[in-house]
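Colleague: Submitted below is the structure of interest, expressed as structure tokens.
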Amino acid sequence: MYLETRRAIFVFWIFLQVQGTKDISINIYHSETKDIDNPPRNETTESTEKMYKMSTMRRIFDLAKHRTKRSAFFPTGVKVCPQESMKQILDSLQAYYRLRVCQEAVWEAYRIFLDRIPDTGEYQDWVSICQQETFCLFDIGKNFSNSQEHLDLLQQRIKQRSFPDRKDEISAEKTLGEPGETIVISTDVANVSLGPFPLTPDDTLLNEILDNTLNDTKMPTTERETEFAVLEEQRVELSVSLVNQKFKAELADSQSPYYQELAGKSQLQMQKIFKKLPGFKKIHVLGFRPKKEKDGSSSTEMQLTAIFKRHSAEAKSPASDLLSFDSNKIESEEVYHGTMEEDKQPEIYLTATDLKRLISKALEEEQSLDVGTIQFTDEIAGSLPAFGPDTQSELPTSFAVITEDATLSPELPPVEPQLETVDGAEHGLPDTSWSPPAMASTSLSEAPPFFMASSIFSLTDQGTTDTMATDQTMLVPGLTIPTSDYSAISQLALGISHPPASSDDSRSSAGGEDMVRHLDEMDLSDTPAPSEVPELSEYVSVPDHFLEDTTPVSALQYITTSSMTIAPKGRELVVFFSLRVANMAFSNDLFNKSSLEYRALEQQFTQLLVPYLRSNLTGFKQLEILNFRNGSVIVNSKMKFAKSVPYNLTKAVHGVLEDFRSAAAQQLHLEIDSYSLNIEPADQADPCKFLACGEFAQCVKNERTEEAECRCKPGYDSQGSLDGLEPGLCGPGTKECEVLQGKGAPCRLPDHSENQAYKTSVKKFQNQQNNKVISKRNSELLTVEYEEFNHQDWEGN
């Protein structure tokens, strides 16, 4: 059936073709004979009859031949119609070219001269003016450069740089005086400090302004020398940990070949990196010391001192004062002895914050160095003496001997100005004369609180080699002493003697161990050790008026450095911390420590935290959950450590808790707020803040344990927590508290039976304790008698 249908269609198509051929032949015949046989008046009638004889398919083919062609698009986006002539096409292309050029010219003029994005209206106006050829392209640039907005902006940026006695200030009246007058600006504008990042020689600044004047205006050499004669040097000290470099004993000796080799290699590598920074002069390797990473591996920490140039009247950070020129090139020309040096970079003077940010970025981006952590110490930003040529590759001080990065206690801020570092090579000092200065033993408060590696120098006259300091002592960093306890440990603080610089380095490196041993041998506290026998009466008898706002204060401070934390003799290191679990709902049962919910949550946090703390913190001993508070769930806790730990306690605990927070969020779905982490060592913390005693309780110091505890005010007592007490529910003689739904733990008056039961339980506990003591004493007596009997029996035999 399908084949028959196709065959029928094919036959019909052939028939149409044959019929059309016949019609064409008839038309040709009639066209040849119409002028002879027929008069003109019958022409219209015959043509109409012939049109009707033509087939429908033929008319379709004829219409297809005369169909209009599609319009062609050029790659530029210009539409060219087939009906247009060549002249019209060229005019369209030129109009499109003029539009695009004007759009780009106006946009770049706003960006370069006015440093802003134009409004739609003013942008269209300038594009229309450009298309009408009212101004040529360069006239538009001159218009923008001579505008008052551009001149005000340029004056503002130039005045933000501090150049003493500038002679090239531009006045608006002079600039706008004559329409055809060329703007003249000194070439020193090219030397304006542009920003915190180093500028490459390919950059250009204000091309249109400086291009015509750089070759004509030259600043005299004497002027430049006077302008930049007073230069100061800025010193930045930092410590860099080398992850893949294990510490060796030879690095403790600055004269060993291995030390010299590693110091020279490190100095060359650092010079290549620091040369990219603006104003860099030189760098010194101060020394090396061992460092223990978080994963337990050992590495080497290197201390460096980098020296940069800076202007005497250092301005604020220039990062916010810049024009954003994007891809616009900035030319940098230097006028030196009357000649132009285009390949020289302009000098840029940065603040200490800018330098630290640039140094960190440069070291982190350097792939050839395996840099772990970068830590900046206090930099000495004062004016330094004008040194001669740099003859030493590194300072002769052994970094392993000196403890740096000392953590200061808030009670004793540094009030003395820091000492400047004096290069021993410039004063003719030998390597063995590098020693700390002698300290006057008058008062601890009058002495500088600590010394760092960069602030130690020899007390010598210039040109001499013998040192004056023979009895040298060094203060313990971070030691803060109240006035009442000064007499007890004044000898300790001034008795740690620094060995002479000419002695063996092994004796110097053992200074930290001697300090710890000396502290262990000497009891810094006059308070007796806690008794081993438990007592029922835990609270000190304090008058009522003394209970108001009583905050226990630690008698002695911890000795804290970057490498160790030491507690006073007879005590343990204690750290308070709190954290907030955001995705956990608070319940009123968490007010009461005897409730099942409190115990379950306490056990949960203990099981989570204790293994994590024990595996990550050396010397960890005990974790105590103090309480839970409302605010989602706030967990207040206390940790106890050994008497000394080999790290900075506060920083280490903070780092471990941050890691725990991340692990808990990923594995346990506990959302611990990072901003809620509050870590305070016991020597600086207010323990009452973490205890959160409540409205009807008072934070006092326990005489037996010497720790802060919550004590009820007169008429109140508690089995658990007193937070959320309501006034009026308790009175004198109150002994117990109960938890009410939605009200926390308000006190209530106990009845006689309850009070009797309470007294009975107390007596029962006392009897149990007495029985234990009696049974222990009896067992000891029996043991002694048995030994005496055996001895007599042996002698008798």
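Just so you know, glycine gets a Cβ as well, placed from its N, Cα and C.
Not measured: the values here are computed from a predicted model.
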Colleague: What range among 225-233, 243-251, 594-602, 621-629 does Swiss-Prot record as motif 'Heparin- and hyaluronan-binding'?
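Modeller: Among 225-233, 243-251, 594-602, 621-629, the range Swiss-Prot annotates as motif 'Heparin- and hyaluronan-binding' is 621-629.
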Colleague: Let me know how many other Cβ atoms fall within 10 Å of the Cβ of N592 (N-linked glycosylation site).
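Modeller: By my count, 21.
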Colleague: Helix, strand or coil by DSSP: which one applies to N648 (N-linked glycosylation site)?
Modeller: coil
Colleague: Give the number of CB atoms, excluding that of N616 (N-linked glycosylation site) itself, located within 10 Å of its CB.
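Modeller: I count 18 other Cβ atoms within 10 Å of it.
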Colleague: Between the Cα atoms of N648 (N-linked glycosylation site) and N630 (N-linked glycosylation site), find the distance and write it as a whole number of Å.
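Modeller: Between the Cα atoms of N648 (N-linked glycosylation site) and N630 (N-linked glycosylation site), the distance comes to 31 Å.
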Colleague: What counts of helix, strand and coil residues does DSSP assign across the domain 'SEA 2' (571-684)?
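Modeller: Summed by class, the stretch gives 48 helix, 36 strand, 30 coil.
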Colleague: Rank aside, I only need the closest one: which of the glycosylation sites N143, N592, N630 has its C-alpha nearest to that of N616 (N-linked glycosylation site)?
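Modeller: When the Cα distances are compared, N630 comes out closest.
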Colleague: Please report how many Å separate the Cα atom of N143 (N-linked glycosylation site) from that of N630 (N-linked glycosylation site), as a whole number.
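Modeller: The separation of the Cα atoms works out to 67 Å.
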Colleague: With Cβ-Cβ distance below 8 Å and at least 6 positions apart along the chain, what are the contacts of N630 (N-linked glycosylation site)? List them in sequence order.
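Modeller: Expected: F586.
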Colleague: Hey, which of the glycosylation sites N143, N648 is the loneliest by Cβ count within 10 Å?
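Modeller: Looking at the glycosylation sites N143, N648, the Cβ with the fewest others within 10 Å is that of N143.
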